[in-house]
Structures are given as structure tokens and as C-alpha cells.
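Have a look at the structure below before the remarks.
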Amino acid sequence: MVAAAYHQAIHFISCSCFAANEGSKNFLVTSSSGSLKMKPVFRKERYSLRQSVNCAEYSSKKSLCAIQPIFSSLSSTNDSRRTVSESYLILIRHGESMWNEKNLFTGCVDVPLTNKGVEEAIEAGKRIRHLPIDVVYISALIRSQMTAMLALTEHHCKKVPIIIHNETEQAKVWSQIYSEGTEMQSVPVIRAWQLNERMYGELQGFNKLETAERCGKEQVYKWRRSYDARPPNGESLEMCLRRAVTYFKEQIEPQLSSGKNVMVVAHANSLRSILMYLDKLTAEEVIHLELSTGVPMLYIYKENHFIRKGSPMGSMEAGVYAYTESLALYKQNLLDEVLDEVSL
């Protein structure tokens, strides 16, 4: 009942535009304990078709979505004339991969999704189908790319995801779109190796349980969950964080600042690193952070701040949040310790 009501409400709201002298009014739909809340969000400007991502009209038969051009949208992040109220940031860990299924250390080995992973990617797309998306960032690994593409097939505006090839000047020229109409019905997808999974070095390809039996559970746990320990010839979480967060700050955050709505599809450790930055987690807190495959996380970027909104509701349940209970328990224990000290 709740899920059905949610989908009806957001399907109508997200595809309706209210034009007036004061500007446009949209709604942000959130859920809490199974209940729905609709918060009005006022935007001060009314944009043309080439300036914003908005559904201009919706009927029971069709919807029309105007999309900013695929190349010009990436070069207009410094437009000081535009007043930006807030932007959406969607983070998704890829769906289950074939090595996730086998419980193998995957790291930077390029492994595709399982059938379950494909289903998770499609479900992720259904959760975010009514959220505006201007640009998508993916890693250089196929499981990230498959998840992003499958998720975008569910988007209600039916935008065509097109991977931007800028490796060489020839690649740029050969992949150029010359039809303005087609360009406006596309969304750019940018690949970045900096968003790759943490490189697990000589552990890659080994079964995690067998490795724990051979090397010791404590040693393997240290390699997997500590902040600065490196597996043999691999990366620590701290090293992964440096490349992922640096890329996020330099490439993705400026897009959000300019008013673009961004989706990032990456991996457990690269996203764990970004979440450490967004949520201001400590090194001790981040090691307790676990992310579910194929579950989107929504943030609102407003006035240079990130506001966590949890996960959009799925089609089969009232809501799923991507953090595990261990992080919540860890934070609660810290709070209890502080309260105990105060009471003394």
C-alpha cells in the first residue's frame, strides 16, 4: 500500500511543472517509518529547455523530458548568472558481481554482474526513476558500467546514456554528436579510474574464507577493514580514499555546485571513501561502514553542504538503507560513552 502510494505520488509530482511569476515549485518526497512526506522546494528561476532537466508535460500516454546537451552541460559549471538552490547526488554500489557470488577478492579485476546483480541494477533504477539526472560518473570497471546502464533504462524520461570518450582528440571527434535534438535527449556518462575499487594486490582472485584460514582471520580482517593497512602489493583504504575523494572534489562537486544532478555508480571502497568525506566519518567509523549492492543513497547538495536522505523506497518494501547496523551500533556506543563521562 505504502509503496504503491509513493510511486503514484512521486510519478505525478516529478512530472508536473507549476509555472508562475514566483518561479517553479517542486516537491521532495521522503519516507520515515513507512509514512510519506512531501516537502515543497522553491526554485527562483525558470529555465529554458537547454538550461534545466525538468519534465515539461505529463499525460497518461507520454512524458517529455528536456535534457541539457551532452557536451555543453559539462563546460558550463562556472556560470555565475545561475541561481542554484539545491542538487541531487545519487550514489550506488554496483550490483552483485560474479566474484561477489564466489566470495573472491575482486579489487580491480574486471568482472561482470551475475543475474542477481542485473536484477539489483534494474531495481536501483526503479528507485531513482523520478529523480533528475544530468550527468553520470562510473568507474573503469564493467560491473559499475553495467549497473549504471541498466539502472538508466528504468528512468521515466528515457534519456539515452552515452559514454564520453575523451581519451584522445580523435576519440573526441569520432564520438561527437551532431544532432542537437538527439543531444538534448542524452545524458553524459563519464568513466574515471579514480572511482575504481580498491586494488587488493596479491589477494585478488583468492577466496576470502580460504585466505583467512591460510593467513589468519585477524590478518585478513586487518587487510580488509583497517584504514591504513595494505594487502601485499595492494592499496589501503586510505590510499583509495585519496584518489577517489580528490576526484570527487575536483570533478563531481563542481557539477553539483553549478546545479547539476549527479549519479555516481562505483564500488564498496571507493564509495566508502566518498561517504567518509560526505558524512565526516572518522577513520574508526569508516571501517564499520558497509554498503549493500544495488541500493541507491540520496544526498541533497545545498549551500556547499551535503544532506543525507537515506535510500529512495523500493517497489517491494517501505524503505531500505544502505548502511549496516554495525556502524549505527558503533556510533551509539560512542554516544553512550560520552554520556557516561558527562554523568560522572
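The backbone N, Cα and C atoms fix where each Cβ goes, glycine too.
Per TrEMBL, the feature substrate binding site maps to 93-100, 106-107, Arg143, 197-200, Lys208, 224-225.
Neighbour count (other Cβ atoms within 10 Å of the Cβ, all protein chains): 32 for His94 (active site, tele-phosphohistidine intermediate). Positions annotated as active site, tele-phosphohistidine intermediate by TrEMBL: His94.
The feature active site, proton donor/acceptor is assigned by TrEMBL to Glu197. Cβ-based neighbour count (10 Å, all protein chains) for Glu197 (active site, proton donor/acceptor) stands at 27.
What TrEMBL records for His267 is site 'Transition state stabilizer'.
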His267 (site 'Transition state stabilizer') and Gly107 (substrate binding site), Cα-Cα, nearest whole angstrom: 9
Cβ neighbour count (within 10 Å, all chains shown) around Glu96 (substrate binding site): 21
Cβ-Cβ neighbours of Lys208 (substrate binding site) (radius 10 Å): 14
